[in-house]
Each structure stands twice: as structure tokens, then as C-alpha cells.
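Report on the structure given below.
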Amino acid sequence: MSDAVVPHRLEPNAQASRSGTGWLKRALDSDIFYSFRRSRMTMVAAAVTILFFLLAIFASQLSVQNPFDPAQLQLMNSRISPLWTAEGQSPFLLGTDEQGRDVFSAILYGLRISLVVGVLGVVLAGTLGITLGLIAGYFGGTIDGLILRIADVQLTFPAILIALLVNGVAKSVFGNRLDAMSTLAVLVVAIGLSFWVQYARTVRGSVMVEKNKDYVAAAQLIGLPAPKIIFRHVLPNTMGPILVIATINLALAIITEATLSFLGAGMPDTMPSLGTLIRIGNNYLFAGEWWIVAFPGIALAGLILSINLLGDWLRDALNPKLR
Amino acid sequence: MLAFTLRRAIQAIGVMIAVGVIAFSMFRFAGDPVNQIVSLDTPAAEREAVRKSLGLDDPVPVQFARYFGNAVQFKFGVSYQFRQPVSNLLMERMPATLELAACATVLAMVFGILMGVYSALRRDTILTKFFQAVSLIGISLPTFLIGILLIYLFSVTLGWLPSFGRGDVVRIGWWTTGLLTLSGLKALIMPSITLGLFQMTLIMRLVRAEMLEVLRTDYIRFARARGLTTRAIHFGHALKNTLVPVITVAGLQFGSVIAFAIITETVFQWPGMGLLFVQAVQNVDIPIMAAYLLMVSLIFVTINLVVDILYTIVDPRLRSTISRPA
């Protein structure tokens, strides 16, 4: 983190271009990029992850129909097997389900929902956990004990159980008929509340180390307010492990969302995520229509596997002790 | 030692009371329970009588004390869906879940330890690479996908194993077991594998890491110098010393095996507590949700407490650090 000191009175343009190229050069020269290039598996995993994100972003451009629009579905097209099988029909690359919905398009839209819930869930869990961890580590004392106790208790319960409970409670508060967008919000909250503990504990640990260093004492000495010291000066020094946790948590959050949807406690059939698609497809497995469940399943497994591989690599790359 | 045990026990009771508050407050979120009981055209006076008889006019702390008091005696009220006492439903379903969880844990321990030891001793063989690939899959594939895959392979395609249910069960007292019939055993295979795979990967990675660490220690080097056979060194000395943390983790994980059984039971329509809970969440059946939460928490808290206490008995080094509070 040896930041080149940028002089204060530079032209805004010059400053931007300078820090821009400097940033790129530093990134390409860094140890992390070197270890990235050394690991072929990681490069493949990164490419697959980026591909999945692009597929999700451009879902509406890449799909042959909008699978959520009943007007675009035709029952004539129902239960077509994938293109390369004997009964395959273009343009339905991966076949269709019982409502004539193109499986490939449904996967693209489902991927979008899975990723949105996963990313927002991780952001919420991270914000909550980092804030609580910073507070606990910086101030210590009673508030530290309280946060730590709550974290301890929550850590004994698996995330999926907490997420199911939050979901159940939300259903009982708002009634059983939640619309799709509110369900999505409930899922994000459920995931956020189940995964904050790890961030809080990690951040607390690093803050306890950081706060005894000279730069914090110096900041306190010149009279900076505590929030400014915490967020501007201590937080950036705890970011390494947080990045690793966030990556691995993204995979866990996507699994959790898919599991909840599979159990029927997540996204509804009208706005399916990958988990919902697998639940729907599972009903047709015995009829021999394997493609309705197989392709969403492969997409989900591929996504999680590549994110996990990235997370594993990041953990090793950021932690030289493990090498 | 006694002080430590007591302090941990008080902490455990505190956690249970906190969980009780959560379970109790779910009822308060769920709207007026009187509406669940009476019909639409019941006169107001009668509603009032029902309310009185349920004690809903009492202050909230009194209601909580009553709920918790009943829960301690295993009375959780009546399920909204089934119109049966929740405790009966849970007792009926518990043997199925416990049998499944126990089988999965045994499976995970046996194969996890075998694979872990092998991949620590033969680090660069093809089989080790294969085990590591399996463990990556075990962590990356969601449980329900593994279940679906197994069903498609062994039930739909090959027709070897049943895809749902428990098979024939034998009743022993209030306990029902599927372990004594052929169809019961056959029905147990796929759910146990599905449930145990994640634990297996966890145990395998742990055993491997611990073994590698132990094999580097001085006493192993000394054992080599004494000219002991490789077998005696690996299994008599190294493995024995890795087993303490492995058993701890496996014990602690038993709670989450029961929680993860929710997913496995849904995939295989296994008639256990987890399936009951999922159906309760879908139908907003609060008495069952609350009771399940309390039961599972009790199992979790008990396991944690027992493991903590056993640890201090087994490992005297921990005792000295604990009895001297920092």
C-alpha cells in the first residue's frame, strides 16, 4: 500500500490521468496479479465468473423471449427437448418447460436474480458486520462484550436456519402473499442477517491490532473525531481479509438463496431465481424431462464453483504466510 | 472446574431464554390468534371469552412466562394446519430425523477420516487429486442439487433405490426405526449420502491438515528414529493425535447436520422434523416454527455445553487457562 503522494495543487486532469495510469501500472506489477497469472485454474474461474455476470447483465438482449411475460409464451412450444436431441427445435437451445418457456432464457433471468440477491445480501452483511466490528474493536468494553456475545450465539446456528426463520417471520408479519420484489428484499435481509458475524469478528480482530499503532495515536492527538479515524484510517487497513470473506460469502449467499427458493421459501414462480427453476424442474424429472432441472443446476454449480475457486486463490494470495 | 461448568451452564440457559423470547415474539407478529380459532360470524362477547380463556388479556411478561413454562414441559400448543398438539407431531417425526442425522455423521466420519489420512500420507497420487476434487464439489454443490442428481441416477435411470420416504419402519415403543427392514435401509442410503457429503469434506480437509501438521512434529521424528514401523507411526501415533479435534468438530457439527436435514428431508420427502418445519414456514404455522426453533436450539446449546466441558476434562492445558480468568 505504498501510495505515491499526489501533490495538492495539480491540474485536475493531470491528477486524474496520473493516478489512473499509476493505478493500472501498480495493479499489473503487484504480487497479486503475478500469482493470478501463475494459476491457470484461477484465470478460468475468473473468466467464468465474469461471463456469468455479463450473461446476467445482458439477459434481456441475449434471450429469445422474456420468460416472465405470459404473452410471449406459447403452449405449442412446451416440453421441447434441447436443440441437439432428436426432437430439438430452434431457437430453443436448451429446450423448453411445460409452459413453453425457453430454458436458456429462464436461466439468464434466473441468474440475474440469484446474483442480485447474492450481491445485495453480501453488501448488507458486510456493511452490518464491518460497522459492528469496527465499533466493537475500537471502543471495546461493554459494547464490545455485547456485540461479541450476540455474534457467539448466532454463530452456533447455521445460516440457512436463520435465513429460513427470518423468512418465516417476514411472511407472518406481511401475510403469505408477498409480491416478488418484497420477497427479494426479504431474502436480502435474511442473508444479510445470517452472514454478518464473520465480518464483525474479523474486523474486530484487526482493529484491535491497528488501534494500538502510532498512526491512530497521531490521529487522536490532532483531535480527529472517532468516526473519521475509524472509517478513514482504520478501515482501509482491515480490507484484505474482508475481501476474501466477501468473495467466499458471495458463493454462500447464492447457495442460501437457491436453497430457500428450492424449499419454496424464496423467489416465487412468477419471478424465478436459479433455485426456483430447479424446484420447478425437479417436478418433471420423473417424466424424463431432465433438461428443465439439469441446466439451471449446472449454471448454479458452475457459478458457485468458480466464485469459490476465486475466493480460495484470493485467500492464498493475500496471505503470504500460507504459501 | 466447577465454576467453569456452572458459568457455561448459566450462559446456556441465557441463550435458551433469548431463543424463547424470539419464539414467543413470532406469535405476537402473526396477528390475532383468536381469528385462527373462531369463525367469521362469532359474536364479540364469545371472542372475548375465547381471548380470556387463552389468557391473551394478561400482560406480555405473564404470557411469556406461561409460554416458556409450557415449553419446558414440552407443551407447544396446537398446530394451525394439523389441529394436533405440536409436541405429538414433533415426537412422531423426531426418530426419522435423528436416524438420518446419525447415519450421515457416521458415514461422514468413516469416509472423511479414511480419505483425509490417505491424502495426507500419499500427497501426490491420482487418488489424492481425485479426493480433493470431490471435496471441492462437496463444498460447491448445494445439498439439494446432490440429492436431485442421486435421485436421477439411482431412482429414475437405474431404478435401484427409492426416491422418497422411509420405507417400512418397525415400531419400538414410541420410537420408529427404518434400520431393521431392507426397504428402510435402502431408503436411508441416498439421504445419508446427501446429508453427509458436506460434513465428509469438512472432516477430510481437517484430518489432512492435522495429519500433515502432526507428521512434522518432533515426537514423530523420534518415533522414526526409534525404528518403529511406518504403520505404527502413522496410525498408532499420528492418527491418534489428530482425532481429538476431529471428534470435537464432528460433535459440534451434529447440530448443523440436524439443521441441514431440512434440505435433505425436503428433497427425499423424508418424514422428519425438518420437512415438518419447511411445511410450517410455507404455511405460516407459527406453533410448529416456534417449537422447532426451541428444540433445535436446545440440541445446539446442549452439544456446545457438553463439548466445552468434555474439552476441559480431556485437555488439562485448557483447564489451567480457564480457571485463571484473564
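The backbone N, Cα and C atoms fix where each Cβ goes, glycine too.
Annotation source TrEMBL lists transmembrane segment at B:12-30 (among others).
The domain 'ABC transmembrane type-1' feature in TrEMBL is assigned to B:94-311.
Proximity of distant same-chain residues to the transmembrane segment (B:98-121), defined by a Cβ-Cβ separation under 8 Å and at least 6 residues beyond the stretch ends, is recorded for 127-128, 131-132, 134-135, 177-179, 188, 191-193, 195-197, 199-208, 211-212, 215, 234, 239, 246, 250, 253-254, 257-258, 261, 264-265, 270, 272. Marked as transmembrane segment by TrEMBL: B:98-121 (among others).
What TrEMBL records for B:133-154 (among others) is transmembrane segment.
As annotated by TrEMBL, transmembrane segment applies to B:174-198 (among others). Here the transmembrane segment (B:174-198) has Cβ contacts under 8 Å with residues 91, 95-96, 99-101, 103-105, 107-108, 111, 138-139, 143, 146-147, 150-151, 154-155, 161-163, 165-168, 257, 260-261, 264-265, 267-268, 270 of the same chain, all six or more residues outside its ends.
According to TrEMBL, the transmembrane segment annotation covers B:243-268 (among others). Within the chain carrying the transmembrane segment (B:243-268), a Cβ under 8 angstroms from the stretch's Cβ atoms is held by residues 96-98, 100-101, 104-105, 108-109, 113, 143-144, 147-148, 151, 163-165, 190-191, 194-196, 198-199, 202-203, 206-207, 210, 274-275, 277-278, 296, 299-300, 303-304, 306-307, 311, 314-315, all 6 or more beyond its ends.
As annotated by TrEMBL, transmembrane segment applies to B:288-314 (among others).
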(request) State the non-local partners of the transmembrane segment (B:12-30) in its own chain: residues 6+ outside its ends, Cβ under 8 Å from one of its Cβ atoms. (result) 60, 63-64, 67-68, 71, 284, 286-287, 289-291, 293-294, 297-298, 301-302, 304-305
(message) Do any residues, 6 or more residues outside the transmembrane segment (B:133-154), come within under 8 Å Cβ-to-Cβ of it, and if so which ones?
(response) 115, 160-161, 163, 190-191, 193-195, 197-198, 200-201, 204-205, 260, 263-264, 266-268
